[in-house]
Amino acid sequence: MLRATFKSLLSRKARLLLSGIAIILGVTFITGSLVMRASFSTSIEGMFTTAFESVDVQISSEGTNAATGQPNPIPESVVAQVATVDGVESATGLVSDAANTVVVIDKNGKAIPAFGAPTIASNWTGVEDPMELREGAGPAADDEIAISASLADSTGYKLGEQFPVISSITSEQQSFKITGIVGYTGGRDTLGGEKTMWFTTPAAQTLVMGTTGAFTNIDVKAASGVDDNTLRDRIGAELGSSFKVQTGEDLAKEISGQFDEILGAFNNILIAFGAVAVFVSIFLIINTFSIIVAQRTRELALFRAMGAGRGQVINSVLLEAAIIGVLAGVVGLGLGVLVGWGGTAALGGLFGGMDATLSVPTSAIVSALAIGIVVTMLAAVFPAIRASRIPPIAALRDAANAERSVLPFGIIGGVFLLLGGGLLTWALTGNAGDNRLMVMGGGILSLFIGAVIFTPVIARPLVSVIGRIMSWSMPGKLGRRNSGRNPRRTAITATALMIGVTLVTAIGVLGSSAQASIDKYFENSVKADLVIGSAAPSTTIPSFKTEILGEMKAVPGVKLVVGAWADLGATINGEIVSVIAVDDLAGQNHMFATKTDQGNTDTLGPNDVVINTDTAKAENLKLGDKVEIKLTGSPTPKSFTVSGITESGGEGGGGYTISSVNAEQFTTKNPIQAFVELDDGADTQQVTDQINTLLADNPLITVNDVSALSDQIKQIFDIILTIVQVLLIVAMGIAVIGVVNTLTLSVLERTRELGLLRAVGMTKSQVTGMVTVESVVISVFGAILGLAVGAGLGIAAQQALKDQFLDTLAMPWNTMAFYLVAGVVIGVLAALIPAYRANKLNVLRAISYE
Amino acid sequence: MASTTMADAGIAARAAGVWKVYGTGEAQVIALRDVSVDLARGRFTAIMGPSGSGKSTLMHCLAGLDTVNRGEVFIGDLRVTGMSDRQLTQMRRDNVGFIFQQFNLLPTLTAEENITLPLSIAGKKPDKAWFDQVIDTVGLRDRLSHKPTELSGGQQQRVACARALVSRPEVIFADEPTGNLDSKSGAEVLNFLRDSVDRFGQTIVMVTHDANAASYADRVLFLADGQVVDELIDPTAEQVLDELKRLEEIVGSRQTQAEGH
Ligand SMILES: Nc1ncnc2c1ncn2[C@@H]1O[C@H](COP(=O)(O)OP(=O)(O)O)[C@@H](O)[C@H]1O
Ligand SMILES: [Mg+2]
């Protein structure tokens with residue numbers, strides 16, 4: 001039996017390869033993700049270990065300042081105290097800030113927004129490994145600065161130039177002369193993407209902490225022969241619990257651990273796609289083995305006739321599966337290791353040329369083999385059982401494929417579909433209460449499974465309809481009939497494609513709905529075209545002069561300007577509340593499409609306050625009620641009357657809105673924000689430039705184009721969608737192999753028919769046409785099913801998230817049309833190899849086939 | 001031209017000095033050695049001979065299914081030898097009909113679609129009157145919409161006959177068309193073939209093992225060792241049997257001689 005299995009395997013090399021490829025891809029995906037994750041962790045840890053190699057022990061403060069959110073400063077005296085600890089060679093005070101306290105002003109005089117990799121301000125303590133001075137020297141005077149090559153690169157500032165910054169502690173712009181440019185060993189401009197500037201210690205202390213005589217960290221060098229861990233523990237004992245004492249190794253672990261988390265999320269996505277690939281592979285393998293069994297019917301029946309038991313037949317098929325599984329697992333693992341390594345190297349490029357270290361975790365090896373073997377064997381079980389049911393008498397009959405019933409698929413699939421439909425209706429009609437999203441998710445999953453199982457039932461009628469379009473000629477007609485010959489096989493083949501298309505379509509529906517919802521949100525609710533305000537979040541909120549509001553109104557093309565003030569220290573009964581002042585309440589409500597609930601929400605008297613329905617409910621306030629608000633600048637609370645209530649839901653308007661005449665008593669007496677609506681057809685760029693000129697003395701205040709903002713958000717969605725689709729195309733690629741596989745085997749099965757057709761005069765191009773039609777019918781069937789199911793699931797998910805933020809449904813018609821066309825193209829491409837084989841067939845041998 | 005003379009002489013298919021060799025060296029088999037036959041138009045010719053004597057090979061070479069190593073083959077006035085694959089395909093479609101021993105029909109097509117298959121492949125419509133006549137002759141009128149699996153072996157073979165006939169080819173080649181049938185169905189098919197020669201002037205070449213089947217033919221060619229060794233005109237089954245027995249004795253004695261050396 002074993003010998004026979006091996007022989008039959010070897011005689012089916014092509015089939016082995018094709019069904020193997022599917023599993024290989026799935027295994028590659030999953031092991032690739034695991035290897036990449038492990039390698040990336042190792043590499044990034046290696047990178048930070050290098051970065052912290054020169055650090056023996058580092059001290060930071062444990063707590064943070066409640067008001068500023070900054071770490072508590074470490075007094076200078078602690079440095080001296082640490083220096084006395086036994087085994088310490090030296091202790092150096094460090095200043096380091098990554099919270100964007102010190103904002104860099106670019107060459108256009110505007111603050112650089114705090115997006116992406118951090119900009120770090122620190123004190124110069126000399127060139128230490130892995131730093132390398134590229135040009136000049138470190139700062140010697142308090143008006144000098146050294147910057148990292150990455151910072152010089154991104155801002156364009158050069159050695160010798162003045163480098164302007166604003167500290168949110170001092171709130172004033174200061175310039176420093178660039179005396180040095182710093183790089184890192186290995187020709188890198190940055191360690192991990194960050195940008196760094198170094199000041200003298202006093203300058204850094206003033207900018208970052210607003211005071212001299214304190215540090216954020218202390219760097220400790222161990223005396224030779226003293227172990228880092230021992231020293232850490234000794235210093236920890238000396239300083240007590242208000243300080244965090246770590247070795248360089250601890251630090252490297254801590255920081256690389258943070259990167260690891262981000263990577264973990266990314267990896268889970270990759271693994272999810274791997275799972276989809278494996279899932280699709282299952283269909284392909286079931287299909288392949290079904291066909292192998294169908295072809296081996298006579299051979300297997302002969303075994304049975306010679307006395308082989310059912311178990312032996314099952315074993316023979318499963319053995320074949322196991323061999324394919326092991327091979328595919330090993331090859332997939334090999335490719336996965338390559339992919340993981342390549343991925344790590346590519347990611348390393350984002351971190352300033354990090355060295356990629358390969359690390360293959362045991363989990364990758366185990367899962368590769370487990371997935372390969374288990375998935376293949378599971379998928380082969382049904383065909384194996386079917387094989388064992390072949391009666392010995394079949395050896396004597398022609399191996400005509402008996403039509404098999406699709407009824408069980410109809411019943412099981414139908415049950416899932418009904419269950420899913422029921423759950424969905426339940427959730428959508430709002431009867432499911434708090435579990436709504438879960439019920440919805442369950443419903444969608446059940447519908448998906450149901451649709452997959454139900455496919456064979458609709459295969460025949462649907463395939464017949466699709467095929468009708470293509471059966472204008474005899475070869476077309478034959479192709480169409482062939483595709484309907486074995487609904488189960490057609491369905492399983494098409495299902496592999498359907499799953500991919502379903503997922504991309506469903507995600508496409510969600511993506512386009514998200515974009516449409518964002519569009520609608522910005523169009524309907526935010527009338528403001530420009531928002532003027534702080535560029536970077538910082539501890540003190542930057543403001544601008546009140547007169548500028550009037551000057552902005554005068555700019556041609558500006559229709560409406562609303563100024564906004566905020567009091568950060570306002571309290572009611574001692575509790576901090578959000579108090580905002582505006583100079584034009586009607587204008588503000590118009591810009592944010594805020595609707596009136598009760599009272600007057602158009603104007604504000606000096607003692608009036610407007611709240612929204614949420615605040616009214618939470619604070620139990622009615623129209624006409626008195627509210628005692630203590631503003632920062634006044635010694636006693638002032639009494640305000642609730643003069644109007646707005647509907648919640650619009651932007652802004654939360655908290656307490658009062659007239660701008662009260663701004664005199666605010667923390668900041670100047671407006672912090674302005675909302676500008678433009679005339680129709682006004683040139684946004686021109687107005688922006690003019691307002692920027694008005695704000696020339698306020699580098700921290702920038703003009704933001706709202707439509708640009710919506711574009712940015714939409715772009716992010718676009719990128720996510722593209723990534724998802726590219727990954728799913730891999731799943732579709734596997735499906736294509738499935739179509740090729742099925743057709744190749746069908747061609748083999750129909751050798752005699754092909755011989756007959758060629759004998760009675762069918763040309764090679766007609767044979768190609770016939771095979772192509774069959775292929776296109778199957779793949780278009782899969783694509784149409786996928787589009788329908790995907791659209792259904794996408795719409796269901798959108799309905800489920802309607803109240804979250806996906807309020808607008810938009811169908812991605814273009815992408816859907818693309819997938820339909822792709823279905824045709826896939827069909828044509830998949831037909832190439834089988835058609836070639838069909839034409840290569842020797843007519844004579846085909847008709848004298850025995 | 002030679003071809004015109006041939007057509008005038010009423011020759012539907014012709015082999016002239018045909019050699020067919022399979023394999024090389026040790027494994028070389030000479031299936032046909034210098035075979036020359038003229039098959040008259042409107043006649044029913046049977047080809048007989050011991051197993052392995054080259055009957056099928058001769059038929060395949062004549063029908064343009066296989067190429068010859070030496071010599072020439074003609075169908076009507078067409079020179080088959082030297083045709084490209086495309087020309088051969090078209091020639092088979094338009095000038096030749098086939099009836100095989102089994103697997104003659106496409107399972108996805110109905111009887112009617114199977115019958116008109118060569119015409120549909122050529123993109124032609126069948127001549128309605130002729131189609132009706134053929135259907136009535138084979139007696140399949142009430143089976144036209146059936147799939148092959150719903151037909152008996154004899155019915156399937158009659159569908160194959162109708163298919164071969166409906167495009168009115170120059171020659172119909174039949175390779176043991178009754179080999180898989182019981183004697184009653186076999187007789188039906190043979191009667192039908194005989195009929196189509198007599199009534200429609202169809203040319204038929206049939207390879208057979210069966211002396212009784214051969215007795216339906218106008219002429220029987222006997223092959224042995226790849227050569228035409230004898231022929232009978234208007235034979236009876238007994239004559240054919242005697243001839244076969246004689247041939248087998250000759251072949252048998254040759255083999256004994258060969259082994260004796
Ligand atoms: N494709 C082939 N390859 C090699 N030898 C062949 C092939 N086809 C036929 N033969 C040989 O040619 C000879 C004639 O075969 P065939 O024409 O099929 O005989 P018949 O039909 O009279 O039984 C036989 O010896 C056979 O083995
Ligand atoms: Mg033969």
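Our numbering is plain: 1 for the first residue shown, then up by one each step along the chain.
The backbone N, Cα and C atoms fix where each Cβ goes, glycine too.
Positions annotated as domain 'MacB-like periplasmic core' by TrEMBL: A:18-236 (among others).
The domain 'ABC3 transporter permease C-terminal' annotation in TrEMBL covers A:272-392 (among others). Summarised as a single figure, the pLDDT of the domain 'ABC3 transporter permease C-terminal' (A:272-392) averages 78.
The feature domain 'MacB-like periplasmic core' is assigned by TrEMBL to A:490-693 (among others).
Sequence annotations record features per position, and here TrEMBL assigns domain 'ABC3 transporter permease C-terminal' to A:726-842 (among others).
The annotation transmembrane segment is assigned in TrEMBL to A:269-293 (among others).
Sequence-distant neighbours of the transmembrane segment (A:313-342) (same chain, 6+ residues past either end, Cβ-Cβ under 8 Å): 1-2, 4-6, 8-9, 16, 19-21, 23-39, 285, 289, 292-293, 300, 303-304, 356, 358, 360, 364-365, 368-377, 379-381, 383-385, 387-388, 390. Among the features that TrEMBL reports, transmembrane segment is placed at A:313-342 (among others).
Per TrEMBL, transmembrane segment is recorded for A:362-385 (among others).
Among the features that TrEMBL reports, transmembrane segment is placed at A:406-428 (among others). Long-range neighbours of the transmembrane segment (A:406-428) within the same chain, counting only residues 6 or more positions beyond its ends whose Cβ lies under 8 Å from a Cβ of the stretch, are 436-437, 439-440, 442-457, 459-460, 487-488, 491, 796, 799-800.
Beyond the transmembrane segment (A:448-470), the same-chain residues lying 6 or more positions past its ends with a Cβ under 8 Å from any Cβ of the stretch are 406, 409-410, 412-420, 476, 479-481, 483-484, 487-488, 490-492, 494-495, 498-499, 502, 773, 776-778, 780-781, 784-785, 789, 793. What TrEMBL lists as transmembrane segment is A:448-470 (among others).
Here TrEMBL flags A:491-511 (among others) as transmembrane segment.
Per TrEMBL, the feature transmembrane segment maps to A:719-748 (among others).
Residues or ranges marked as transmembrane segment in TrEMBL: A:769-796 (among others).
Sequence-remote contacts of a segment are chain residues at least 6 beyond its ends whose Cβ falls under 8 Å from one of its Cβ atoms, and for the transmembrane segment (A:816-836) they are 497, 501, 504-505, 508, 732, 735-736, 739-740, 743-744, 746-747, 767-768, 771-772, 774-780, 782-784, 786-787, 791. Look at TrEMBL and you will find A:816-836 (among others) tagged as transmembrane segment.
With a cut-off of 8 Å between Cβ atoms, the residues of this chain six or more beyond the transmembrane segment (A:719-748) that come close are 14-15, 18-19, 21-22, 25-26, 29, 269-270, 273, 276-277, 280-281, 283-284, 287-288, 291, 295, 482, 489-490, 493, 496-497, 499-501, 503-504, 507-508, 511, 754, 771, 774-775, 778-779, 782, 815, 822, 826-827, 829-831, 833-834, 837-838, 841. Residue counts for the domain 'ABC3 transporter permease C-terminal' (A:272-392) under DSSP, split into helix (H, G, I), strand (E, B) and coil, are 102 helix, 0 strand, 19 coil.
Residue counts of the domain 'ABC3 transporter permease C-terminal' (A:726-842) by helix, strand and coil are 98 helix, 0 strand, 19 coil (DSSP-based). Long-range contacts of the transmembrane segment (A:362-385) within its own chain (CB-CB distance under 8 A, at least 6 residues past either end) are made by residues 23, 26-27, 30-31, 34-35, 38, 278, 281-283, 285-286, 289-290, 292-293, 313-314, 317-318, 320-322, 324-330, 332-333, 336-337, 340.
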